[in-house]
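Colleague: Okay, here's the structure, questions in a sec.
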Amino acid sequence: METAPKPGGDAPPKKNKLRAKRKKPRERRNPEPQRTLSGAQDPFPGPAPAPVEAARKFRRIDKSKKLLHSKSKARSRLEAAEAEEEEASLRAARSELLLAEEPGFLEGEDGEDTAKIRQTDIVEAVDIASAAKHFDLNLRQFGPYRLNYSRTGRHLALGGRRGHVAALDWVTKKLMCEINVMEAVRDIRFLHSEALLAVAQNRWLHIYDNQGIELHCIRRCDRITQLEFLPFHFLLATASETGFLTYLDVSVGKIVTALNARAGRLDVMTQNPYNAIIHLGHSNGTVSLWSPAMKEPLAKILCHRGGVRAMAVDSTGTYMATSGLDHQLKIFDLRGTFQPLSSRTLPQGAGHLAFSQRGLLAAGMGDVVNIWSGQGKGSPPSLEKPYLTHRLSGHVHGLQFCPFEDVLGVGHNGGITSMLVPGAAEPNFDGLENNPYRSRKQRQEWEVKALLEKVPAELICLDPRALAEVDVITLEQEKKERIERLGYDPEAKAPFHPKPKQKGRSSTASLVKRKRKVMDEEHRDKVRQSLKQKQQQKEDGKKPKPTGTRSSALDRFMH
């Protein structure tokens, strides 16, 4: 028997118009302490505290400088960047505890002079791995030698004046390549990695790979005397006998610029690792500072009464050491003053100078190498008495400290000598930037990243921090030119136009009254702002009276 369907039985159920509001979860005023997997309570909840001094060392943004009239969008971006930088500095300060290595040092017993300690004594006192880093290569047939360490400190390139060129892993003593170019070699440099090698031969500049195969011959760079490579800009700077300073971009193989120093033959050249400025020493005793963005020198410093023989700049870009024909060794401050801080007269002038990563200064004088130390990184070396002294079997022809190793490489007439210098290098390295143990795949990935982060040559200047600041003068000049070109100021505030109202409220008197009210309000704001500035200037002008001093009758004239 069929039953009649109920009316509205097949229709979908009607939605309730009054939806129930979702209840917000109640916030717990006293949250339970965080517990571990075992159920034990964490005795130190929250992130680990970071020391304030350590975090301040890693900060890069100066919060004291604020944009007065910045837009809300720009202000929010700046606040987000400051928050990210604050978090990054805290993380870096916390991870500093993981750096287990500490810089070495050398101390004498009972006031013993460390300059009298010989290399054989140091080798006997250190462990076997460190003692293996001291060695002598007897290569008298093709000397004198120039040498260069790679940025990772793992590979060594050496070039003899009689054409001998070699590259090796000096830690494992594994030879990568060895050739004879049958031509005089004046200087040698690794490029951005140990896979490419630049050799300044008698006539032209040649590029080789780590197998000794010639890749390029740049004939526009001829009669070169000195080479310097700028790693963050991929620029190879060359100084020639003709007096030209040439910048070669090795990433594209083009010459960026060629500058005429107008000072004759260029035999002395070094770079500032902090701002990539090239320093040239001249025969008239001056040192000139050059950038590829300028045709003229950025600065000239009178350093010696005679010609400049050698130069070196420390890793922080703060101090420059120079040696001249007047037998003077001077330390200059490069922080805008360019004034000498200390000087010392040597028995014979230093022909070669080199700074270590921690501020030690090495000077080659004939067949003797002297090393002076300071208070640490960022402080000038003390020239009162040497830290170490070593005598070689031939005259010094090249000096360089090995990065991340307490080793000083010396090229001389008899070959190559590797000296142990405790406390010369940074004990910890950045594995993402300069990793001595990286594989071939890691090196290739690093090269791609470095090319993407390549700094343009136009940005090389004396103060790199100026690149992050706003050029107010240029901005105001462009604004003035724009107003003259358009005939009006497009950024000026539009005049107030009251909106029309109904029912007789838009009469002429009413419109004038509303305009006057707005103008009076703007005038009041300007007056308040000017009074606030005057009050601030008045407070800044008042000097606080030192506590503990007696009052005087002349104090009434101070107000």
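Every residue, even glycine, has its Cβ placed from backbone N, Cα and C.
Annotations in TrEMBL come from automatic prediction, not curation.
Pulled from TrEMBL, these are the listed features:
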- 1-11: compositional bias 'Low complexity' (COMPBIAS)
- 14-27: compositional bias 'Basic residues' (COMPBIAS)
- 57-75: compositional bias 'Basic residues' (COMPBIAS)
- 484-494: compositional bias 'Basic and acidic residues' (COMPBIAS)
- 518-528: compositional bias 'Basic and acidic residues' (COMPBIAS)
- 386-464: domain 'BING4 C-terminal' (DOMAIN)
- 1-83: region 'Disordered' (REGION)
- 484-559: region 'Disordered' (REGION)
- 301-335: repeat 'WD' (REPEAT)
Colleague: List, by number or range, the same-chain residues at least 6 past the repeat 'WD' (301-335) whose CB is under 8 A from its CB atoms?
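Modeller: Same-chain contacts beyond the ends: 268-275, 279, 281-289, 341-355, 357, 359, 361, 363, 377-378, 380-381, 383.
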Colleague: Roughly where does the domain 'BING4 C-terminal' (386-464) sit in mean pLDDT, to the nearest integer?
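Modeller: Overall, the domain 'BING4 C-terminal' (386-464) comes to a mean pLDDT of 91.
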Colleague: For the domain 'BING4 C-terminal' (386-464), DSSP counts of helix, strand and coil?
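Modeller: The domain 'BING4 C-terminal' (386-464) comes out at 17 helix, 22 strand, 40 coil.
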Colleague: Which numbers of helix, strand and coil residues does DSSP report for the compositional bias 'Basic and acidic residues' (484-494)?
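Modeller: Going through the compositional bias 'Basic and acidic residues' (484-494) residue by residue, I get 3 helix, 0 strand, 8 coil.
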